[in-house]
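To start, I am sharing the structure in question, which I have written as C-alpha cells.
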Amino acid sequence: MDTQKRIVIWASAVLIIGIIAVGAWSIATGPTTTPINNNGLLSEEVTASDWTKGAQNPKVTLVEYSDFQCPACAAYFEMVEQAVTEYDDRLSFTYRHFPLAQHKNAQSASYASEAAGKQGKFWEMHKMIFEQQADWAEKNNASEIFKGYAQELKLDLARYATDVASTEIKDAVSHDRDTGLRSGVDSTPSFYLNGKKMQNPRSYDELKALIEFAIVNG
Amino acid sequence: MNTLISKITPTLLIILILVFSLMGFSDALFLFIKKIAGGPIPCFIGTGCDTVASSPYSNIFGIPVALYGVAFYLLIGVCTLFYLDTKKMFFARLLLPLTTLGFLMSLYFIYVQKFLIGAFCVYCIISAIISTILFVLGIVSRYVIRTP
C-alpha cells in the first residue's frame with residue numbers, strides 16, 4: 001500500500017475517533033436529552049407509601065429529594081430536623097431517595113433505610129446514616145456498616161438482610177428517583193414546599209421564614 | 001452457511017468490524033465519561049442505568065468497567081486498521097481471540113446484571129450485543145481472511 005493511502009486510513013481513523021470522543025463528551029456532560037422542567041412543581045403528591053413525619057394534618061408539606069452520601073444533604077438534615085421539631089403541629093416532612101451515580105454508597109444507604117423502614121425504624125436509620133456519614137461515605141464495606149446500625153437499632157437482622165436485597169426495596173428507591181426526575185430534580189438536596197420547588201435556604205432562619213410564609217399564605 | 005460466508009469479502013468484513021467497534025467504542029466512552037463526570041444516566045429503555053453504573057460491580061481492580069470497554073473496542077479497531085495497513089496475518093488472527101474475550105466478558109456482565117445487581121442498563125446490553133456481533137465476525141474472519 002502506498003504511503004498516501006496509509007496516511008488517509010490512519011488520519012481518518014484518528015479524526016473519527018476524535019469526533020466520537022468530542023461527541024460523547026458533549027452528550028455525556030451536556031444537559032440531558034430531554035431536560036425535564038416541571039415548572040418547579042412536584043410531579044408526585046405525597047402519598048401513604050412515602051416516608052413522612054411531623055403534623056398529621058399539615059398546613060405545610062416539605063418534600064426533600066436527597067442522597068444519603070451527599071455532604072450538603074447531611075448538612076440540611078440538622079436544619080430539617082430542627083424545623084420538624086419546632087413546627088410539629090403544622091409541618092410534615094417527606095423524605096424521597098435521589099441517590100446520585102457518583103456516590104458509590106448512596107444506593108446501599110437508601111436500601112438500608114428502606115429495610116429498616118420495613119421494621120418501623122426508617123427515621124432512626126435515616127438519622128444514623130446522616131449523622132455518621134463521614135464514617136461510611138468512602139468505605140468499601142458500607143453495607144456492613146449499615147448492618148451494624150441495624151444491629152444497634154435492634155432490628156431483626158435476618159429479615160433486614162433479606163429486605164435490603166429485595167427487589168421491592170430497589171423498586172421503591174428507583175420509584176422515588178423517577179418521580180424526582182419527573183419533577184425536574186437535577187441536584188441534591190432539592191426541596192419542595194407545598195409542592196413548589198424551594199430555593200435551598202442558607203440558614204435555619206431562612207428556612208423558618210420560608211415555612212412561616214407558607215403557613216400564612218398556603 | 002458456507003455460501004453465506006463465501007459472499008462476504010475481506011473488505012466487507014473489515015468495514016463491518018470497524019463499524020461495530022466504533023459503535024461499541026462510542027457506547028463505552030459515553031458510559032465512561034458519565035462515570036467520571038457524574039450525574040444521572042438517562043436510561044432510554046428501562047430504569048436500571050444508575051443502579052448498574054453505581055453498583056460495586058461497575059469497577060474491576062478499581063478501574064471502571066466502561067474503561068475496559070473503551071480500550072477493548074479501540075484495540076479491535078486499531079488491530080483491524082493495522083491489518084488493513086500492513087496486511088500482516090498476525091493482526092487478522094488476533095481478531096478471534098480478542099472478540100472471544102469480549103464475548104465472554106459480556107456474558108459475565110449480563111450474569112452480574114441479572115443475578116447480582118438485579119437491574120439492567122441499556123448501554124451495557126447494547127455493548128453486549130455489539131461484542132457478540134464482533135465475536136461472530138471474529139469467527140468469520142478465520143474463513144474469509146486467508147493467507148495471501
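The backbone N, Cα and C atoms fix where each Cβ goes, glycine too.
Remember, TrEMBL labels are computer predictions, not curated facts.
The following feature annotations were taken from TrEMBL:
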DOMAIN    B:10-142  domain 'Vitamin K epoxide reductase'
TRANSMEM  B:12-33  transmembrane segment
TRANSMEM  B:60-84  transmembrane segment
TRANSMEM  B:91-111  transmembrane segment
TRANSMEM  B:117-145  transmembrane segment
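Map these features onto the structure and tell me what's around them.
Over the domain 'Vitamin K epoxide reductase' (B:10-142) the predicted model carries a mean pLDDT of 85.
Within the same chain, residues 5, 8-10, 13, 16-17, 20-21, 23-24, 27-28, 30-31, 41, 43-49, 51-53, 55, 57, 69, 72-73, 76, 83, 89, 92, 95-96, 98-100, 102-103, 105-107, 109-110 sit at least 6 positions outside the transmembrane segment (B:117-145) and bring their C-beta atoms closer than 8 Å to a C-beta of that stretch.
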Quick one: DSSP breakdown of the domain 'Vitamin K epoxide reductase' (B:10-142) into helix, strand and coil?
108 helix, 4 strand, 21 coil
